[in-house]
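Features reported for this protein in Swiss-Prot:
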- Arg25, Arg123, Arg124, Arg163, Ser164, Gly165, Asp166, Asn174, His204, Ile205, Tyr206: dUMP binding site (BINDING)
- Cys143: active site, nucleophile (ACT_SITE)
- Asp166, Ala262: (6R)-5,10-methylene-5,6,7,8-tetrahydrofolate binding site (BINDING)
Amino acid sequence: MSKADEKYLDIIENILENGYYDNNRTGIETYKLPHQIMQFDLSKEFPILTTKFVAFKTSVKELLWIYKDQSNDVRKLQNENVTIWDEWMLEDGTIGKAYGYQVAKFKQIDNLIDTLKTDPQSRRMLISLWNIADLKDMSLTPCCYETLWDVQNGKLNCMLVQRSGDMPLGVPFNMCQYAVLVHLIAQVTGLKPGLFTHVINNAHIYKNQIEGMKIQLKRRDKAYEAPKLWINPNIKNFYDFTADDIKLIDYKHHDKIKMEVAV
């Protein structure tokens with residue numbers, strides 16, 4: 001069994017058994033738990049679920065849209081056949097001053113890469129998408145809103161802080177795509193990928209997702225080993241990466257589990 005399946009399904013079981021039943025802004029009740037944490041050693045294994053299909057290529061395209069293209073334009077994703085942001089698209093075709101807009105506004109990727117190269121022991125390396133002044137102009141405030149970076153013995157560590165985690169749908173995307181981000185940043189800074197820690201402040205399962213999660217839990221004993229991540233070794237500039245430069249090798253998985261996203 002992959003570490004991703006093991007740690008993820010442990011949280012799912014905990015929420016279903018011990019979660020607090022609550023209302024929220026969507027109108028669909030949730031079972032939730034605070035402060036859930038998963039940690040993966042990226043030098044040993046790539047974290048993606050095998051107990052259900054995760055649309056890895058779509059998650060990579062979204063990641064590059066945010067951090068490489070530094071875009072808030074949903075139409076760019078649609079041109080890549082990615083529709084996951086359609087529900088939050090505003091009349092101008094964007095999601096407002098959210099996600100990639102904040103990366104570009106403060107040149108956050110450039111600053112991170114420069115610091116990793118010139119002052120890798122800095123304790124001030126972080127990317128924040130939570131700009132209080134612009135929250136009112138975002139169609140959706142960022143769920144994965146902060147990453148903190150650290151270097152130890154030539155390995156790049158990253159902590160992802162997620163304020164709100166839709167465990168069945170959002171979190172499987174986020175855990176693998178931010179692991180990819182660590183690999184990409186490590187490659188262009190001459191480092192090796194190290195620890196990836198995923199902190200979820202509010203980990204929840206919507207009431208209409210419970211049956212789907214029970215199906216996935218039944219697959220625990222039939223989980224597969226983790227696939228290998230391949231990144232084009234010739235890419236040395238972060239902005240040269242494309243989705244075709246990032247692939248999974250031997251990704252074995254169970255079938256997709258259809259569940260609805262709460263808007």
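Heads up, the Cβ atoms here are built off N, Cα and C, so glycines get one too.
Here the features listed in Swiss-Prot are placed on the structure.
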residue: Arg25; record: dUMP binding site; DSSP class: coil
residue: Arg124; record: dUMP binding site; DSSP class: coil
residue: Cys143; record: active site, nucleophile; DSSP class: coil
residue: Ser164; record: dUMP binding site; DSSP class: strand
residue: His204; record: dUMP binding site; DSSP class: strand
residue: Ala262; record: (6R)-5,10-methylene-5,6,7,8-tetrahydrofolate binding site; DSSP class: coil
Minimum Cα separation from Ala262 ((6R)-5,10-methylene-5,6,7,8-tetrahydrofolate binding site), reported as the residue among binding-site residues Ser164, His204, Tyr206 that achieves it: Tyr206
Inter-residue Cα distance where the pair is Cys143 (active site, nucleophile) and Ser164 (dUMP binding site), in Å: 5
Between Cys143 (active site, nucleophile) and Asp166 (dUMP binding site), the C-alpha gap once rounded to whole angstrom: 9
Tyr206 (dUMP binding site): tally of other CB atoms within 10 A of its CB: 23
Largest CA-to-CA spread of dUMP binders Arg25, Arg123, Arg124, Arg163, Ser164, Gly165, Asp166, Asn174, His204, Ile205, Tyr206, angstrom: 37
In the chain carrying Arg124 (dUMP binding site), residues 6 or more apart in sequence that have Cβ under 8 angstroms from it: Thr115
Arg25 (dUMP binding site), number of other Cβ atoms within 10 Å: 7
Other CB atoms, at most 10 A from the CB of Asp166 (dUMP binding site): 24
Under 8 Å by Cβ from His204 (dUMP binding site), same chain, sequence gap 6 or more: Ile15, Gly19, Asn24, Thr30, Tyr31, Lys32, Leu33, Ser164, Gly165, Asp166, Met167
Other CB atoms, at most 10 A from the CB of Cys143 (active site, nucleophile): 18
